[in-house]
Amino acid sequence: MTDKRKDGSGKLLYCSFCGKSQHEVRKLIAGPSVYICDECVDLCNDIIREEIKEVAPHRERSALPTPHEIRRHLDDYVIGQEQAKKVLAVAVYNHYKRLRNGDSSNGIELGKSNILLIGPTGSGKTLLAETLARFLDVPFTMADATTLTEAGYVGEDVENIIQKLLQKCDYDVQKAQRGIVYIDEIDKISRKSDNPSITRDVSGEGVQQALLKLIEGTIAAVPPQGGRKHPQQEFLQVDTSKILFICGGAFAGLDKVIEQRTDTGRGIGFNATVKGSAEKATEGELLSHVEPGDLIKFGLIPEFIGRLPVVATLRELSEDALIQILREPKNALTKQYQALFNLEGVELEFRDEALTAIAKKAMVRKTGARGLRSIVEAALLETMYDLPSLESVDKVVIDESVIAGHSEPLLIYGKHETQQASGE
């Protein structure tokens with residue numbers, strides 16, 4: 001097509017769509033025996049844009065994974081915690097279904113379901129949240145509740161959480177409003193006593209109060225591109241009612257609170273029922289019976305608990321589960337180190353007894369899955385230090401004695417020469 005004012009005969013030209021002459025428009029574009037003006041081009045673009053907006057939600061609805069699909073994906077990366085996965089899958093599915101139907105269905109407003117994860121250190125709380133965000137392809141950010149303070153005090157303002165989320169998606173507000181925020185160590189902002197204090201608790205109850213509106217849903221004013229706030233500045237307006245908040249914490253001591261409530265057999269004197277150690281419920285079993293009243297007694301304020309209606313509890317990982325974590329997930333720790341050694345052209349083998357020894361060590365340390373990496377890293381440190389300087393190494397073997405610190409990894413050379421790594 002070409003831009004024309006007159007045809008070769010000097011005849012006045014008109015737009016074939018709106019009928020305006022070439023003198024009434026800025027541009028007239030010629031096609032085979034037809035003309036279109038710049039105004040009609042703009043109008044066509046507007047029509048197409050509107051239609052794309054209408055079609056997009058229908059495409060998104062069909063692409064929303066079901067709870068079963070979400071659960072299956074979590075199974076690929078997270079070992080155990082079956083009940084927590086099910087709770088998360090349903091809550092996340094309902095949240096994004098609400099967003100894609102405009103927050104209401106047949107005039108009924110759909111409430112927001114934020115999530116509270118309760119479980120010991122290293123049980124998979126953070127990994128579950130990260131895996132969900134990656135699977136759903138939505139922006140994800142983490143915040144540490146212990147660094148947060150009320151606005152006006154030294155520390156991190158709660159609205160900085162939204163700023164971090166915006167940074168993850170290049171300050172695209174629409175993308176950020178579909179994101180997931182994980183707030184860790186939420187148990188550390190419990191108030192210091194059951195009774196409301198007349199003094200300010202800026203890092204405990206004060207932070208809970210500051211988080212209330214953010215989690216429930218408010219329009220957060222965030223400075224563009226991470227600048228500081230000042231009165232003359234234009235702010236980005238972010239609707240937090242569309243953001244899914246997942247709060248997690250170990251809640252050490254919460255099991256004792258639940259035990260006090262559920263222990264109906266307590267008594268004094270000769271008729272008292274005394275439970276043996278075998279009859280006592282485990283921490284994981286007790287946490288699965290958590291109720292809002294227990295969390296209030298622990299130190300969370302009722303209004304804050306009300307904003308986290310979906311509660312999922314995670315159990316402490318067993319030795320068998322830790323061995324599975326080392327071996328089975330798509331990004332299992334042993335697979336990561338094997339890939340690292342493959343970059344050097346070396347095969348890395350973990351014997352079964354080595355995996356058992358790693359799991360036992362993590363159980364003793366009570367660090368859960370989080371402590372596995374440090375154990376493996378310590379066992380492989382000397383080998384990873386020496387390996388780039390060694391030639392003809394085909395294979396490195398890790399057995400139980402290496403994990404126990406009694407020997408160095410076994411190096412197998414190309415000419416079938418075998419020796420212990422340096423240090424022996």
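Backbone N, Cα and C atoms are what each Cβ position is placed from, and that goes for glycine too.
What Swiss-Prot lists as domain 'ClpX-type ZB' is 2-56, and the listing cites sequence analysis. Marked as Zn(2+) binding site by Swiss-Prot on the basis of sequence analysis: Cys15, Cys18, Cys37, Cys40. Positions annotated as ATP binding site by Swiss-Prot, on the basis of sequence analysis: Pro120, Thr121, Gly122, Ser123, Gly124, Lys125, Thr126, Leu127.
The structure, with features from Swiss-Prot marked on it.
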residue : record              : contacts (Cβ under 8 Å, 6+ apart)
Cys15   : Zn(2+) binding site : Ser21, Val25, Leu28, Tyr35, Ile36, Cys37, Glu39, Cys40
Cys18   : Zn(2+) binding site : Cys37, Glu39, Cys40
Pro120  : ATP binding site    : Ala250, Glu283, Leu314, Glu316, Lys366, Gly368
Thr121  : ATP binding site    : Ala250, Lys366, Thr367, Gly368, Arg370
Gly122  : ATP binding site    : Leu317, Ala362, Thr367, Gly368, Ala369, Arg370, Gly371
Ser123  : ATP binding site    : Gln81, Leu314, Arg315, Glu316, Leu317, Gly368, Ala369
Lys125  : ATP binding site    : Leu117, Gly119, Asp184, Gly248, Leu314
Leu127  : ATP binding site    : Tyr77, Val78, Ala369
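Of all the Cβ atoms in the protein chains shown, 18 others lie within 10 Å of the Cβ of Cys40 (Zn(2+) binding site).
Taking the Cβ of Thr126 (ATP binding site) as reference, residues of its chain lying under 8 Å away and at least six apart in sequence are, in sequence order, Met142, Tyr182, Asp184, Gly248. Neighbouring residues of the recorded ATP site, listed in sequence order and excluding Pro120, Thr121, Gly122, Ser123, Gly124, Lys125, Thr126, Leu127, comprise Gly119, Gly248, Leu314, Gly368, Ala369, Arg370 (Cβ within 8 Å of the Cβ centroid).
Within the same chain, residues at least six positions away from Gly124 (ATP binding site) with a Cβ under 8 Å of its Cβ are Val78, Ile79, Gly80, Gln81, Ala84, Leu314, Leu317, Gly368, Ala369.
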